[in-house]
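**Q** Handing you a structure now.
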Amino acid sequence: MRALNSRLVLIDINSSWQASRRLISATATAFSSDSSSSFRRTRGARQRIASSKSPASSPSPVRRPSDGFSFDVRSPSSDSSISSRKSPTTAPPTVELDAFLEILPPATRKELVKHEAIEELIEVVMDLGRKPLARFPSGDWVISEQPVTHQDLELAVSKVGDFSDDNRSGIDRSLHRISAIRNRKLQVIGLTCRVGRVVSGSAEIIRDLIEGGGSILVIGSPGVGKTTLIREIARMLADEHRKRVVIVDTSNEIGGDGDVPHSGIGRARRMQVPNVNLQHDVMIEAVENHMPETIIIDEIGTELEALAASTIAQRGVQLVATAHGMTIDNIIKNPSLQILIGGIESVTLGDEEARKRKVQKTILERKGPPTFTCAVEMISRTECRVHQRLDVTVDAILAGKSAPFEIRQIRGEDDVPHKLVTPIPLENLEEEPAPLLNRDFVSELLSDDEDEDFLLIRSNKARSNTYTSPRSSPVHVYTYNVLEADLLQVAEVMGLDDEIEVTDDVGEADVILASSSELKQNSSIRRVAKLHKLPIFVIKSTTMAQMVKAVRMILGRESFGSAPKAIEKSSVDDIEIKDDAPESKPSLEELDALEEVRLAIEYIVIPGGEPVELLPRRSDIIVRQLELVESYQLAVENLGTHLNPRLQILPRRSTKKTLTSSSPQKSADGSMGTTGTRLPFLKD
């Protein structure tokens, strides 16, 4: 206490920077030169440097807390003044903000304290010759119009610890991180001073994963809160679950700077890394020497560290680690970190296996089990994507499918003393409406999540509940990576050219026809389709058979010659196009026979206009061949005998609904098979 203007002012030392803001302006001005704390660390022969140029005649010293003092948000009853300020909904973060502000120049500190969002400060950037910046969740804020000088940087450097090989330092027994930028002469010309926080309850969003005992990989961009999350995970495992937790703290960011770890990690032990290039050695040493049940690792970034993490996982130790990247897909594409998800290898499949999977013969597969059992993608400090099984997610991504995940958010409510964790079901997620796209813009955004040869993804159409074929007006088709001429020529061959019309405007289209070869890793076309309520037809190739099936399904026909079947738009299930092969598992002889028909039609009959005689087959296989020929609407003759039947495919259009080998009919000229005019052929 001291007398000011004949009044008594009681000062709260623990939050002097906050109290001074609540006083009247005259009192704050008179007290500003004396209320700042003097947190300094002494290492070796380092001398204490005054934080401001105050005159020699100073008031009597005020008793201050020790350098390592910090209040624990999990024990609100320990300090009545802190409890009185605590919000009833969320626990305030542990921030030694006095110690952080002390390293700043006096003028910068004075201006920064006046900011209304000082409690949400993220970091302060000081570059030589530039204005100092303060970064808040709302954006950057210029602290002072005066540029940073060499003296300002030297003052800040003198109040922090020694910088490590990666140019990082900190304040003793605090979580703040100070990173330096040096010139060619190794002189400090810039500082990034990041505020470290212990946010109690930040790990509640993934409590089920923590209690499950599996290894957790936390992925996110810099500054999204990965370190804060794993620090709270370490405390929960050590204090609540009574596990032996060892933290491999490379940059002293998890446990704070200095030899005594910060209280924010609870009972967990902390191992410092003398050389950042030897982090993998310290990881192995922690397992061999200290018998941990859980190891916490921050920033796995090299192949050696990834290999060490994989080794630790095979020894039965739970791992919790972070890695830089927006999604798991970034980890898969990072050659140094691929081992964390099991590694990637190229596999060549046999013909039968490739047909069974309906994929090409050379594919990418996961090499082995992933190091981590689950993964958390940090979207923001209050939202994340959770992958319960990392192996399933990786397999889905490699197969070109949509990876299963769950989105979780932290939502605060007034009547609840803690933050609520609210899982959001995937089916209830609403995608952002996408803008109306033109053809050039769509070409940059399309993706493919399916591995079927032909898959229809339908959504409700506002204009009508159903559509049938034939229609009074033609179906407008928007094509992507499918030649309009090919589609129109196929429709003309089928005699349906009056029922299909190609358009370049998505807004006028009734359906979208796209090639799956261009639909990779992006769902923008699906958002466009959902916005306009359009069904999407995805064909894997632009072969004759695929185009014919596309036209049939676009017009709502189950098969040629049958009555049109309406496609109910209100249905929530996707319509999957059946393969040409039979539903039962075919034999190798059947596969060879069907492949013989396909090759004959697509490479000889249609392009060259020549008939092709097939090899003799069993009667049941002949039936399968006839069904396949019918899908191309071509005529066929039976040239064999009853005991040795064989077919000949003719380059003429079939007019029969069905054709069987037991009931051939003669044409007007006496030849076997059906008659029809010669068809125009598709271009090669």
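Numbering starts at 1 and runs along the chain as it is shown here.
Backbone N, Cα and C define each Cβ position, glycine as well.
Okay, so Swiss-Prot annotates it like this:
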BINDING   Gly220, Ser221, Pro222, Gly223, Val224, Gly225, Lys226, Thr227  ATP binding site
COMPBIAS  50-88  compositional bias 'Low complexity'
COMPBIAS  657-667  compositional bias 'Low complexity'
REGION    33-91  region 'Disordered'
REGION    651-684  region 'Disordered'
TRANSIT   1-78  transit peptide
**Q** Give the three-state DSSP assignment (helix, strand or coil) for Thr227 (ATP binding site).
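**A** The three-state answer is helix.
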**Q** For each of the binding-site residues (Gly220, Pro222, Gly223, Gly225), count the other CB atoms lying within 10 A of its CB, then report the residue with the highest count.
**A** Gly220
**Q** Cβ within 8 Å of the ATP site centroid (Gly220, Ser221, Pro222, Gly223, Val224, Gly225, Lys226, Thr227 excluded): which residues?
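**A** Here the non-site neighbours turn out to be Thr322, Met378.
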**Q** Using a Cβ-Cβ cut-off under 8 angstroms and a sequence gap of six or more, which residues of the chain neighbour Val224 (ATP binding site)?
**A** Met378, Ile379, Ser380, Arg381
**Q** When you measure from the Cβ of Thr227 (ATP binding site), which residues in the chain that are at least 6 apart have a Cβ under 8 Å away?
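**A** Those within reach of Thr227 (ATP binding site), by Cβ under 8 Å and sequence separation of 6 or more, are Glu253, Ile254, Asp298, Thr322.
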**Q** Check Pro222 (ATP binding site) against DSSP and tell me helix, strand or coil, would you?
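**A** Going by the DSSP assignment, Pro222 (ATP binding site) belongs to neither helix nor strand, so it counts as coil.
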**Q** Among all the protein chains here, how many other CB atoms are within 10 A of the CB of Ser221 (ATP binding site)?
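**A** 14, counting other Cβ atoms within 10 Å of Ser221 (ATP binding site).
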